[in-house]
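Comments concern the structure below.
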Ligand code: FJE
Ligand code: FE
């Protein structure tokens, strides 16, 4: 690659994500957001999900965070604003919950729906914005390949290409595939927190002398201006590199409600219960998934 890093980041913590139950009958591997790793500013949750009907994530609310789904196998999404759509294999949905959303996320079609769900925190000034969606079909996700390295740019930029997704909290989300014997150097803004989640194969991350790490591991990166990765195995290596500007604000969280103070959480619970301040439409709405 054409860029030389001055201070490559090293891996400072490593966790293996085991399957756990979430939603209704669904199984996820949670990396960020698990007990030992409650919060990695600005990231609240990263789940690798693998779900088949009738299991899924029926009607539930969000406030104060945004979440993205990138899927491998279809997920049907619908919300109380009447927004509805199928997230197909390779597609991306970036939802900014803001002041409030109630939605359902259910697998569609035969077999397993797999993918990643990331929850990014919003700064105090953005927590109560109007909810919005950005949906991008697989064919429209910016992608490029060079010297055995392929990147799909979900958010941010890499290898000279840029994602059209706008993120309120500055975020980089890159989906890399490295052929055997390939090497990657990816710049990351020095003030950002960043981590890797490995989906397939095994790779050497950070220090060339370190041992290879395999699928379902999350690697938190230390300080520096970028990341180096080597694929010395005989198989494809696939991982995501996710980074974000830390908010450096207090976090008060009750499940899908993420605010700054306990008072704001109490207010949110009231708002949801009494259908006010953004939750008006929750009074009469049920997803089709719930009506079946
Ligand atoms: C949620 C429990 C949940 N990971 N991965 C509590 F499971 C969820 C939730 C999800 C989810 C949805 C998809 Cl499609 C994929 C997920 C958790 O919906 F929001 C709360 N509050
Ligand atoms: Fe949700």
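Using the three backbone atoms N, Cα and C, a Cβ is placed for every residue, glycine included.
In TrEMBL this protein carries:
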type	residues	note
BINDING	60, 62, 103, 105	Fe cation binding site
DOMAIN	28-120	domain 'Pirin N-terminal'
DOMAIN	173-275	domain 'Pirin C-terminal'
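For the binding-site residues given as 60, 62, 103, the lowest number of other CB atoms within 10 Å of the residue's CB is seen at 60. Taking H, G and I as helix, E and B as strand and the rest as coil, DSSP gives the domain 'Pirin C-terminal' (173-275) the counts 13 helix, 49 strand, 41 coil. Sequence-ordered, the extra residues of this chain that approach the Fe cation site, with Cβ no more than 8 Å from the Cβ center of 60, 62, 103, 105, are 57, 59, 61, 67, 79, 101, 102, 104, 256. Non-local neighbourhood of residue 105 (Fe cation binding site): 56, 57, 69, 75, 76, 77, each in the same chain, at least six residues away, with C-beta under 8 Å from its C-beta.
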